[in-house]
Amino acid sequence: MKRLEVSNQAKLPTQFGEFYIQCFREKGSNGSKDHLVVFTPNFSQNPLVRLHSECLTGDALGSQKCDCGGALQMALERISKEGGLVIYLRQEGRGIGLFNKVNAYALQDKGYDTIQANEMIGFKDDERDYSVAGEILEYYRIKKMRLLTNNPKKIAALEKYAEVTRESLIVCANEHNQGYLEVKKLKMGHLL
């Protein structure tokens, strides 16, 4: 935990029930990022875990261009019933940041897919780093988990820290995100 500062815990009542929240401040050469963990009290030795990267447009604004907001809502609902945690990483736009994500969206509006758009503005298809999530798992002493994901990169990253069993998280496609979901499946290897 040498590069993380940990906040106190606080209660968070939600539409899904009462959770607790705790912040982890990641310190790095480019400043700091505050990541949030939303969790149920007394989760099991094999909790449900959702590793979720920030998506302002999907999570807060309800964008139909992606499946992020729906995936977060489904995860919170399941975790409230079965116990576990959401590790909410501040890695907007698969790690490119909000400003660049909006520029990528503008290219998508012109017909480019999500990967092509990222590459056109100078980024890889996915710039995220999940090592901080591993440190957070270690903080909570999680050695085994049921990971709510369709992303094989998340599975591989967390297997370095704990035994992972994948549980799928399927959000319904719509006319705005169907192409995006196809790209995630065909070009990024997502298990959809």
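Quick reminder: no glycine exception, Cβ is built from N, Cα and C everywhere.
In the three-state DSSP scheme, G93 (GTP binding site) is classed as helix. Neighbour density for G93 (GTP binding site): within 10 A of its CB lie 26 other CB atoms from the protein chains shown. Marked as GTP binding site by Swiss-Prot on the basis of sequence analysis: R50, L51, H52, S53, E54, E92, G93, R94, T114, T149, K154.
Residue density at C68 (Zn(2+) binding site): 19 other Cβ atoms are found within 10 A of its Cβ, drawing on all protein chains shown. Annotation source Swiss-Prot lists Zn(2+) binding site at C55, C66, C68, citing sequence analysis.
The feature active site, proton acceptor is assigned by Swiss-Prot to D126, with sequence analysis given as support. Reduced to three states, the DSSP call for D126 (active site, proton acceptor) is coil.
The local packing around R128 (active site, nucleophile), expressed as other Cβ atoms within 10 Å of its Cβ over all shown chains, amounts to 19. The active site, nucleophile annotation in Swiss-Prot covers R128.
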Assigned element (helix, strand, coil) containing T114 (GTP binding site), judged by DSSP: helix
Recorded GTP site residues R50, L51, H52, S53, E54, E92, G93, R94, T114, T149, K154, farthest C-alpha pair in Å: 23
By Cα-Cα distance, the member of recorded positions C66, C68, R128 nearest E54 (GTP binding site): C68
